[in-house]
Amino acid sequence: MSSPKYKLRYKIPKTHSNFLVSTVDISPDGKLLATCSTDKTIKLWNLTNSGILLKSTLKGHNEGISDIIFSPNNKYIASCSDDLTIRIWDLKFENTIKLLKNHTFHVNVLKFDNRSRILISGSSDENIRVWDCKRGRSMRTLSAHSDPISSLDLSFDDTIIVSGSYDGLIRLFDTETGGCLKTLIYDKEGSSFPISNVKFSPNSKFILSSSLDGVLRLWDYMNNKVVKTYKNLSNNPIAEKYSLGTNFIIFNGESMINSGDEFGNILFWDIQSQELLFSLKASENQSPIMQVKSYNNGEFLVSISLDGELNVWDYIG
Amino acid sequence: MNLSLHDPQFITADFPTTLNMTLSYGHCTSLQISPCGHYIASGLLNGAVLIIDTWSNNVTSILQNHSMPIVGLKWIYYEDQTNDQFDDDNIVVGLVSWSRDWKVCLNGLKKHTMKLEWECTFPGGIWNVDIINTGRINPISKVWQDWKLIICKVEGGICFVKYNKEYLENQDSNKCIIPLNDNDREIEGDEGYTLCCCNFFGGRYVITGTSKGWLQIIDVIQCKILKCFKACNGNIKGICIVERGFYEENELKFGSHIVPISRMIVNSSDRILRQYDISNWYELGDNIEDWKFDIEQKYQDVVNRIQWNTVKFSPTGEYVCASTQSGGGAAHDVYVWETSMGSLVQILEGAHEELIDVDWGMRSSNGNVCCISANGMDSGTIYMWGVRAPQKWSALAPDFEEIEQNIEYIENEDEFDMVGAGGNILNEDGIEIDKTFEKIKIVDVVSREDTDARGFRFIRGCIIDTNLDN
């Protein structure tokens, strides 16, 4: 393995005291971080030159929060919870401006479109919903999965939704019509494993999927083919239990992908050679790295562990 | 990106066929679809201009610059193809509107919000406005500079309006106005009032139509009429031009790569639409004296003798659509013709009132691959015709295929083998998966396609913020 290309800048060991933390997000201007937890709160953190300072705590959900996402226009943050609701919060006044209800089970994942007018949610009720943010109403429901939705992503032009579900399928939907465009399934080695994460490549021609057989796969979806497979060292799984976030790192001419694992590390692979390049230790107590978010395709990274350890990493080349 | 996954037969649909959306946000008197297809600008009877989002059908913003019905609207769009940075500095988005209160307003997009850049009242009113130069955003001062418009006034003929620094300082809108050099032509002379205008040659020239059926070609730089041509005896109500894009290296790269022939269509009150093949203009270049007006097609309804309200080309110029004026037994339809043979290919029905303004969207919107919008005169409803993607059931599983008829299938000996002779797992083509192959194959995850599945260039488009609070 080569030497790490990222260096720890800041660290907060317990973001939500003893509660479990599900994810982290970076605001589009890179100045704000948000974490959410089973303690039913969202915490907003100022990322400054002197450290990470707690800005405020958003309270309103009645159950644990599974996902949060900043709107691309930097005005709102959306959160989804086990209380079956989605809330859109105004970042300036820090209050709930929209409460989206219609899911019938835990809401797991959220995504904003580039124009911050449409929100897409995936739920354990096996549906994906497309929400009109202004009216606060569900525009359409995509019911093509037969198990909870674990992950969603949008193509760069917002026209395709990709979804991953525990039913083992990756489906592509037309955002504008809601029709299913394609289905991908990896069942070459017997049965298919639940899909825990999906992510479009920067040009949206490939999809990086994580499945609970502990492997990442890069799909050329036009040709229904897996073109690359990324594995952990000595056949250890990457993830067998949790939906861990992945990223494409293309900052400064790099060509890497990364993912957290369930033992407190962030793993980095070379996209082309599939070689594991280096890993970063992002948890003291080997807690799963639930999410790694990158700013500007890898200028800096923010990672969060299930125990709530928040780390900020700088690219050092 | 979604188009490449649709049925090829569906994405090659050239013109809309079915009415699939109506929007009633106030009484629309004029409309235009934005170049990126994400928004429709709708001018209302009370002078407001709505920006309607075509994905969620919400009003994203309301521009209150006029106090009387909006007569016309035009989007301005320019993006710097050489600069990949997605920010406001290299994308110019504007909207020009003119209304019955004699006012022309120019709005520009700043920080995802439409802001008034310039306005001026022209006593007597305005017939038509067109954009000559989209201008650029100054990267340092962030000011939108060098935009230029042409205005056909009711009193005083044509004038140009140009960005002027002094306007920003003392708000004197007259500082921006440049009159036409040929003063004697401005007063109603032999050629009549100038009623409409359309720029071409990338804004180098403007063609105008007059109340006595004359077409005039105006040189923008010299501000002078260079050529006149008598096209008909009626009023010229509208002109539409599609330009073919050509030689990238030695300049002249306006127009579009997907337009086969440069064409012009002239709408006149004599109930005939005249379509000209103007490719010879581009071949002859600046020898305007030699430019010919070759009529390629004439469109008219001989039976009902319908007048046409608005006429618009499709993005490629291969089709043209027109709204019909009521009276004389005419139905309230939009007619679509194929331009090379001149045959009527579609009549878009469904509106139970006369349709005024028509626009053919450059890009798909609202899930349609192509889109024609028109507004009704009585209710002010916006009608949208499109082509909806059919649901493909074969999309629901990777190995489903839709076939026309049954195929007798003969299974190969090793067809369903999971493991090949070499002991490796087989891929779907029956070839053993070679793990070293995955290593060698280079995948490009960064570079994007320049064009979509139909050959339309990807544009970054604009983002107009929706305010969630109100």
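The backbone N, Cα and C atoms fix where each Cβ goes, glycine too.
The annotation domain 'WDR5-like beta-propeller' is assigned in TrEMBL to A:17-313.
Look at TrEMBL and you will find A:21-55 (among others) tagged as repeat 'WD'. Within the chain, the repeat 'WD' (A:21-55) has long-range Cβ neighbours (under 8 A, six or more residues past its boundaries) at 10, 12, 15, 61-74, 77, 79, 81, 89, 91, 94, 245, 290-291, 293, 295-296, 300, 302-308, 310, 312.
Positions annotated as repeat 'WD' by TrEMBL: A:58-99 (among others). Same-chain residues lying 6 or more positions outside the repeat 'WD' (A:58-99) and placing a CB less than 8 Å from one of its CB atoms are 20, 22-23, 25-29, 32, 34-44, 105-116, 119, 121, 123, 131, 133, 136.
For the repeat 'WD' (A:100-141), the model's pLDDT averages out at 95. Taken from TrEMBL, the feature repeat 'WD' covers A:100-141 (among others).
If one looks beyond the repeat 'WD' (A:142-183) by at least 6 residues along the same chain, the residues whose Cβ comes under 8 Å of a Cβ in the stretch are 105-106, 108-111, 113-115, 118, 120-130, 191-200, 202-204, 207, 209-211, 219, 221, 224, 243. Annotated repeat 'WD' per TrEMBL: A:142-183 (among others), in sequence order.
Residues or ranges marked as repeat 'WD' by TrEMBL: A:188-229 (among others).
According to TrEMBL, the repeat 'WD' annotation covers A:282-317 (among others). Long-range contacts of the repeat 'WD' (A:282-317) within the same chain: residues 5-17, 19-26, 30, 33, 35, 37, 45, 47, 52, 202, 239, 241-252, 254, 256, 258-266, each at least 6 residues beyond the stretch ends and with a Cβ under 8 Å from a Cβ of the stretch.
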Residues in the repeat 'WD' (A:282-317) grouped by DSSP into helix, strand and remaining coil: 0 helix, 19 strand, 17 coil
Other parts of the chain folded back onto the repeat 'WD' (A:188-229), taken as Cβ under 8 Å at six or more residues beyond its ends: 147, 150-157, 160, 162-170, 172, 182, 236-248, 250, 257, 259, 269, 271-272, 274, 297
